[in-house]
Each structure stands twice: as C-alpha cells, then as structure tokens.
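> Take this structure first; my questions come after.
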Amino acid sequence: MLVGQGAGPLGPAVVTAAVVLLLSGVGPAHGSEDIVVGCGGFVKSDVEINYSLIEIKLYTKHGTLKYQTDCAPNNGYFMIPLYDKGDFILKIEPPLGWSFEPTTVELHVDGVSDICTKGGDINFVFTGFSVNGKVLSKGQPLGPAGVQVSLRNTGTEAKIQSTVTQPGGKFAFFKVLPGDYEILATHPTWALKEASTTVRVTNSNANAASPLIVAGYNVSGSVRSDGEPMKGVKFLLFSSLVTKEDVLGCNVSPVPGFQPQDESLVYLCYTVSREDGSFSFYSLPSGGYTVIPFYRGERITFDVAPSRLDFTVEHDSLKIEPVFHVMGFSVTGRVLNGPEGDGVPEAVVTLNNQIKVKTKADGSFRLENITTGTYTIHAQKEHLYFETVTIKIAPNTPQLADIVATGFSVCGQISIIRFPDTVKQMNKYKVVLSSQDKDKSLVTVETDAHGSFCFKANPGTYKVQVMVPEAETRAGLTLKPQTFPLTVTDRPVMDVAFVQFLASVSGKVSCLDTCGDLLVTLQSLSRQGEKRSLQLSGKVNAMTFTFDNVLPGKYKISIMHEDWCWKNKSLEVEVLEDDVSAVEFRQTGYMLRCSLSHAITLEFYQDGNGRENVGIYNLSKGVNRFCLSKPGVYKVTPRSCHRFEQAFYTYDTSSPSILTLTAIRHHVLGTITTDKMMDVTVTIKSSIDSEPALVLGPLKSVQELRREQQLAEIEARRQEREKNGNEEGEERMTKPPVQEMVDELQGPFSYDFSYWARSGEKITVTPSSKELLFYPPSMEAVVSGESCPGKLIEIHGKAGLFLEGQIHPELEGVEIVISEKGASSPLITVFTDDKGAYSVGPLHSDLEYTVTSQKEGYVLTAVEGTIGDFKAYALAGVSFEIKAEDDQPLPGVLLSLSGGLFRSNLLTQDNGILTFSNLSPGQYYFKPMMKEFRFEPSSQMIEVQEGQNLKITITGYRTAYSCYGTVSSLNGEPEQGVAMEAVGQNDCSIYGEDTVTDEEGKFRLRGLLPGCVYHVQLKAEGNDHIERALPHHRVIEVGNNDIDDVNIIVFRQINQFDLSGNVITSSEYLPTLWVKLYKSENLDNPIQTVSLGQSLFFHFPPLLRDGENYVVLLDSTLPRSQYDYILPQVSFTAVGYHKHITLIFNPTRKLPEQDIAQGSYIALPLTLLVLLAGYNHDKLIPLLLQLTSRLQGVGALGQAASDNSGPEDAKRQAKKQKTRRT
C-alpha cells in the first residue's frame, strides 16, 4: 500500500520519501524502518468554524491514548499514523460545547480490508454550538441548582430544548445552530427577579446576554420548651450585608424591651413562632445572617438556647438547626484587678466547677440559664490570683458582686551568655523575693531550665536577688544587678532581668606598611583549652581589635603572621572588674621565601628605588629565603630557555607569601622546507585538552628575512655615506658610490617557527598553504622539559592541484562533490558561494578526479567543453528538512501536506528531506507526525507562489521512548502474535501502550513517557493460546533512553509435555552415559535416546500430554568386568506440562579377585609337576604346557562373555526389576 496521495508528478531531481509500506504487528528492533499506515479524513461543517481548535485522538479499545493530532485550518483534513494492527477508537475532541456526528468511530485495522488500509476517509460532521448561561442568586456570583430553563426561537412559544441548572447555577444547551434565541427560567417556590434573557449564536459557543436572577430563598425553624411547641417567641434577624428592602415577608418594626449585646449587628426584621412552634422568613437573599430569639415574661427575660445563631443562606431553601429551647434566666457580674480597679478581660469564671464563661474587654461576664440556688464562683487569669466566693443567686439578683484580684505574678529571666568552662554548668538557680516589710518572710523559687522564674505576690514593695554558687563566682560568673527592686500594684510585674557581666579586651596592631589580614588569639592561662581567635583585615598601617564577652582571669594574647617579624608576638593581660585596653603589637620586618623548580638566573630589584638595587642571581633548584627590612614591591624576572607561569613575578610585602617559580613551558623549534615561496601557515595542536590550537603565520622564509636584513643594512650604510659626504665636501660627492647587491631569492626556502610546550606535552604540527601540499602532512613530537628541546620538527612542501568551476546562472548553495576516480566515497564536499563559484584545492597532482553537483529542487548538467562548470534549472515546490534536536536528519516522520484538492502523506528517509514539486499556487497546510516526537513548528499554513521554491526546516524533539524485547518459549523458540502491553503505575496509571510480537518474537512498545514506571506484561485478551508468562510482568522505569532486552518466557496452552533431567555422577563417566525413554508397555525399544556428552543435564523433545506411562533409563558403556554399578530408572505419567528427573550413577571399580581365583586352581597341579619335573622332565614339560594353555583359553572365554553382557543384561534386569515411580 502506498502511504501518500498526491497530485502532480515528482521532478527528476527531487528526492522523495514515497515508499511502499506494509502494516505489521511490530516494527524492527531499532531504526527508522518502522511500518506505518495513515488513517485520515475530514471534519465537515455547513457553517463557518475554526478547524484548528479541533483535535482528533486515537485510543485503544481499553481507553489508552495512542496518538493525537489537529486538523488542517483550511479544509479540516487530518491524518493519524498507525504502527500496529488491532482494534482502535477514533474520537473527535472539539472545543467544549461543539457537537459532532459521530463523536467516535471504531476501527478494526487488519492491514487488508479496513478503511484506513484502503485509503478511505473518516468524516465527522458538525451539528452545532453550545449556549451557556447562569441563574444567579441576587448579589452573588453563583446560583442554585434545580431551576428549569427553556430555549426557544425569538418570537415563538415552542420550546426547542429544556434543561435544569447545575450546582452553581450553570446551564447549557447543545447542538444549537446559528440564530437568535430566548431563554426563560421557572421555579415552583422561589421568586425570580430576572426570569428571561436572550442569546445570539454566530460561529462559536455563545453566552446568554445576561444572567437570570433568583430574588431569595425561604428559611424556617422551630422552638420548644420541655418538648412542647412554644408560641409567641420572637426571632430577630440581623445582617451586615443584606438590606431591609431585599427581605420579603418579615416585620421590620423594632421589638420593645430588646437590648442587643453586639452593637455591630444591623437589625432587619423579626418573625413570631406559631402554634406549632415553627417560624419562617419568606424570602431571604443569599448571604450571612444572625437570628436572636427573644422571649420576655412579666418580670424577667428568659433565656432561649441557643441565644444567638449565625447561619448562611447560599443557593437553596434552609431549615435552621438546631431547634430552639426556652431555658432559665441570666445574671451578670464583673472581674476587677483591684477594689476600684479596671476590668480583667479574658478571665475564666467557673460556676460550681462546671459552667465556665470568659469575661469581655471590660471584665464583665454573663451566666445564662441559671436557676435559683447557692453557687461557688471562682475566677482564673494567668498571672492574677483570686479567692473563691459563695453566693446565692435568684431572679431578683441579676447583678453579682465584683470579683477582685488578691495577688499578682512577679516574673523574670536570668541571661547567661558564657558559662565558665572550669565548673559544671547549672541549669537552675535559686531566686529570693524579699519584702520591704521586715515582718514578712523570704520567698525562694528555682528557675526552670531556660532561666525563667515567677513569684506570687500581694501588692507591696519588694526586691529580688539571685543566689549564685561560690564556685561559679570564683570562676568569673557575675550577674548584674545584684538586687532588683520592684513595686507590685494592680498588675503583674514581668520585666525582672539579671544579665551576666562580661569584659572586653582591646588593643592595636602597628605595621610597617599596610597590615592586610592578621590573626589575633586570646588564650586563657588559668582555663586550659579556652582559646579565641579574631581575624583582622584592612589596608592601613594600624588596626585595632576587641575581644568581647571575656570572663575575668589571666590571658595570653598573640598575633599570628609567620611571614612578618614582631617586637612582641604575645602579651599577658589580666581581666578583673574592668575592660582591658592598650594592648599593642608592633611589626619590625618582612621575610621573602622563593621556591624554584629549575636552576635559573633571576633579576631581582625593588620598584621605585633606582637601578642601584638591581641584582642578578644564579639560583639553584630549591627554596631561598630573604630577609627584608623595608616594605614595598619587589620584581623578580626569570631568564631561561624555559618559560614560567609569568614573565616576571611581583612580591608585595603587604601580602606576604611563598614566591614559587615553576617552569611550565619549553622552547620547541621547527622548520618547513618548500621548493616554492608561498604563504605557509602552521597549526600546532596540543594533547592537552585545555590548550587551544595555535596558528602561526603566514610565515616568512629565512631567505626573505635575510634579504630584508640586507636591504636594511644597505639603507643604513647609504644614509651614513650621505651624512659623511655632506661633511667632506663636494669633491667626495663627485665619486660614484659603490653599488651594493642583495642575494637573489632562490629555493629551497626554509620557514622557521617555534612553540612553547609543557612538560610531557605531545604536539601535532600541521602546515597549510593555499597552493602547497606537505610531506608528511603533520608531525608529532613529545617534549620532556628537562632541557631545551631544540629543533624537533622538519617538514617539506610541494605545489598542489586546484579544481575550480561555476554554476550558470549564478546559484548559491549547490553541493559540489569531488571524488578520486574509481573511489566509492567522496573526497571533498563544498558548496558554491553567492556568485555560484567554487574552488577546491590544493589536491595531489598525480591523481585523477571526478566532479559532480546537486541541489534540492534543481537539475544540474555539466557544460560541454568545460571541466567543473554546470547549468542549473530550477523546479517549483516545497522542500522540508526534518531534523532531530541534535541537528541530525530524522527519518520515519510522516509528513501530511494538504491544500485544495491536493493531499499527500509521505515518510522521510535517512536524509530527513521531503520535496513536493510542481505544486499549484495556493495555501497548503503541513503537519509532521511521528510517535514519541513533538515538532516545531507542529503545523503551519504556507503560501506557495507560482514558480516559488520554499525550504522549511522542522525540528523534532523526543518526548517519549520505546521498550524493546522478545517473547519466547522455554526452549528459546520465538513466539509470534503475542499481545503485549505496558501499563503505567502510580501517577502514570492513565497511560498505557500495546503491541503484538512479530515472527521473530520481538516487540516494541512505543510512546512510554519519561519518569513513569510501567509493567510490561501479556494482555489479558488476545492470548488464548498462552497459558502463563514468566515473569508475570517486568517493571521498567523510563528515563531519557530506549529500554532494551525486556524478555519474557511464555508457556503455550498446547498438548505438549516437556521432559528434562540431570544426572548426579562424576564428570569422568559422562561420555559413557546415555538416557533412554521407553513407553512402559514396551521396554525393548526406546522411543528417544539422548547422549549426555559433557553436560550433567539432559532434555528430551516435547512429548504429547496424553497421560501415558513412561520409563526413563540410564544406560552406560562402562565394562562390568571392571566396574560394579546399578542403572537407575524412573517411571512417570505424562500429566501436566513438565517433568524433571534426577538420576544417580555411582559405579565402583572392581578389585582383581577373579585373577587370584583362577591362579589358585592351577597352583597345586603346577607345584606337583615342578616336583616331578626333576625325574621325568622330558615327558612332563610338554604335558604341563598343554594344560596351562587350555586353562587360559577357558578364562579368556569367560571374561569375554562377561564384557559383552552389559546392555542386554540391563534390559532383562529392567524387565525383572520393580521400577521406581515419581
């Protein structure tokens, strides 16, 4: 099948990607030769719509997204590539609210007769837009559900569609064609303020001209007393957001005797409970409300619970819960901080240790639902103390006596910044509170782990003191103040603070010049290990320093600067009760240390002091030290055939350091000799990656330099003669000057160059010239660096051949390929310049070359009578170059190009280029497609003018990856037609891919997303011939690469029985062993025989799973005359799928007992014959020999019979033996 439909022939020079492709179950293991079929069609509409907003998506029948694409904006054409056979669902996904028929199409792609393979169109027809609107609650952005909304043509009464609003008040009508419509809303109970609106539908979804409005919702509730309904209870409604005008069916007059507790509430109206205890507000707009019950008797107002209820009316009717209940009466009281003091806010008042209320900002509180009786009242407030009171409460005592605070907290904090290291740190201290009244006793508390403490104190004057242990005082721990005076009046005292006293030690450093960075240390002499450092830095000759938070004691102060000399490097000070100052360190000189890697000559002098201080030193390798008494900048210049890190080194006494001179480069010389004087350039590349290539030149030959020097000398002598002639007079000038000649430039010419190389560096020297070729083309040299390398490079140059040509007419960018005659690969490829010309060279003049040219969209022919000139003929069309993000050509991309009646779907080949020629003028829409890639641009409309050739570059970015693997049986045979799937896990559970194995058992699961974990497994359907898989699934995590070697073994649902086994024996017996398989009713003829060879394991070809009985017998060729052994055998039934058998073979070598027995039979006769031999030796010796010969013959026959009896005897034995069943 040809994937691609197009109008017009392809030009002769156009490289196209139209190929014949067959749809198969799976693509190759790797590469771009994947099999693709296109599935496309049109989105059609009788009204104008924006096709670019519509997406077409391909799903598996289980709902997994396989591919998605958009439509051509000019005609609605779409194309989707398919890589696998199977069942799919094609869905159109337009903007929300657009309707199409059909919305889905089921596909059964078999590669033969389906609509995609046959190139048919799948069309989706537009049926209408959506109309959207809202029914809102008055003054709210949302509205209710359940309002009936109808759509009808303007000016008619017939309903076209009806619907019900959803939560939030939204409603929508679908499949509405362009036109003018009216929308009406109705509800059986709610009052509608705006019940109708209009809408105009043109070429997109439309919204109602204005929202429909619900005026309000009914709210109801009930009140009871001891389970009976209560009539006449007033329910007052308040709201800070809703006005009285918006409330319907409610009495707006004020309620006599009601005093609101919360002045911020805005009164709206009230309603009264009916005989059944129910009350209701007819119509309340959406918003927040507060309802307060009010029930007044003859002399007292009774409490109703809850006393206040906040509720919110949203977008529906509301029944107030819970039910209101009439309770007892209420009393009030106050909590004060003194007899005539202020109210205490947020105090907790407890009634009989059960009922708890909190005081307001003025200290008042209210107890509700109280009945007559005697109560115990107690108040609580942090840092305040109250006494418990007992009082009798009745309806005639609505106001309680004031509860007055009797004591307050005195709290503070102990802050210790540094604890002495010589004593164990204490977490808690004792603090004493003593009253100025001498009759009162002391109060002692202990701090917590953080140093905080609190006392309870009645009003009065006090002082607080911390008890510090004597050991800590001796170690230097001191707190300030020693005592803290305070006065308690009518509130807690919370600011008592004791802070540790620490001293400071300060001084200055005097330097000969700028001090720079210095380190000053402070070390305790009495407490080992206590040492502190202070880093100083400044560009002045004097600096100060200060050590803060110093405990009392003796200390040693030192200054650290190894490269400077000091009057005193350390001083001792003692800290008592005051800060220590006036510590001074004074610098007296500098020290210079110089480290050399080679024995060299150094020029050493100080800047700014004249040439009299210049010194030249021949120094050897090592470290040299210099003592400097003056500050300043010193300059050190090395002189050597080695180059150092710097041409000269500067030592600044204000920044002392070890001056290290390390040779990093060494002088390498080279010469290039040529037979013609030309431009010669040398490129030197280093083996060191960080070293950039050095280009020298164009170089001047030694002959040129010598000639220039001679000319300069002749000119100098001429000027000298003119000067002398003017001094000696006219007579001398009349003599003709001597004519001086310079040497003629004659070859060979020598070009000298040099390079500074590093130790161990390998350099590659490559000369170049416009007309010369060099032999060798480049040279390598390695520099040791121990001594001056000298001349290491010598190269010779010869003139080369040049090939030039021209494109007619002038055409830029034509690819010119130069090849050696007969060579299979090109030698040089260049492109013509903006004038259509090119030049290639130098080339070896002793070779022959061929020149070819090509350019996409052009036909190029050689100009007769020229070498290298070509004529160019332009072709009209569009050329697409599709590359990956690494700028490499991207093959296998399906490019869809459509416009007017033209449609074409082609695949890119290895060069990533597609060219469409002879296109008609007009607009075209292109879209590249390939699974696992996204493209920029993803699609685009282009305008093709007559005779125009467009070149468009498309870049593909990898967004997903593939999983490659194989499915095989247990014996390694590939399994074809197995349905595989990759199921996303965790956050990727919505993703999945599937495919089918090919004839080699290979599969490729495409489109796996990076960062996702998948289970690769057999699909539940389509694998009826497979019983199970091993493993059940493979877990893969997709990164930024394809995943290979995901292999799965399957077991078929077939009538097959696998038989395998192993033999336990010594490896020396393996070559003698055979495993034979018999049917149990025929042990004479084995049906299969397997030789072990060198393996302990064996495997028979599959048997039928027929339930028959079989016997496995181990046979051996070991001679039984030398070994004793038992041949094991096992019987089994061919039920199930597999049987593994273990056979044990342990032969033992026989001892020579048989030879001894035969010798004993003839020992006695022989002995007698020997005794008689002396008497009748002439008669007995022949007889003895004859007897011995016969006895040996009998023994040999017996042995031969024993050796030949093994296998047959084993069979007979097997028939007689009782077999072991497993």
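Positions of Cβ are set from backbone N, Cα and C atoms, glycine also.
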> Which one of N50, N568 gets the tag N-linked glycosylation site in Swiss-Prot?
N50
> Between N218, N251, which does Swiss-Prot record as N-linked glycosylation site?
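Record lookup in Swiss-Prot returns N-linked glycosylation site for N218.
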> Among N50, N218, N618, all listed as glycosylation sites, which has the most CB atoms within 10 Å of its CB?
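Answer returned by the neighbour count: N218.
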> Could you state the CA-to-CA distance between N618 (N-linked glycosylation site) and N50 (N-linked glycosylation site) to the nearest Å?
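Counting only the Cα atoms, the answer is 89 Å.
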> Taking just the CA atoms, what is the gap between N50 (N-linked glycosylation site) and N218 (N-linked glycosylation site) in Å?
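If we compare the Cα positions of N50 (N-linked glycosylation site) and N218 (N-linked glycosylation site), the gap is 47 Å.
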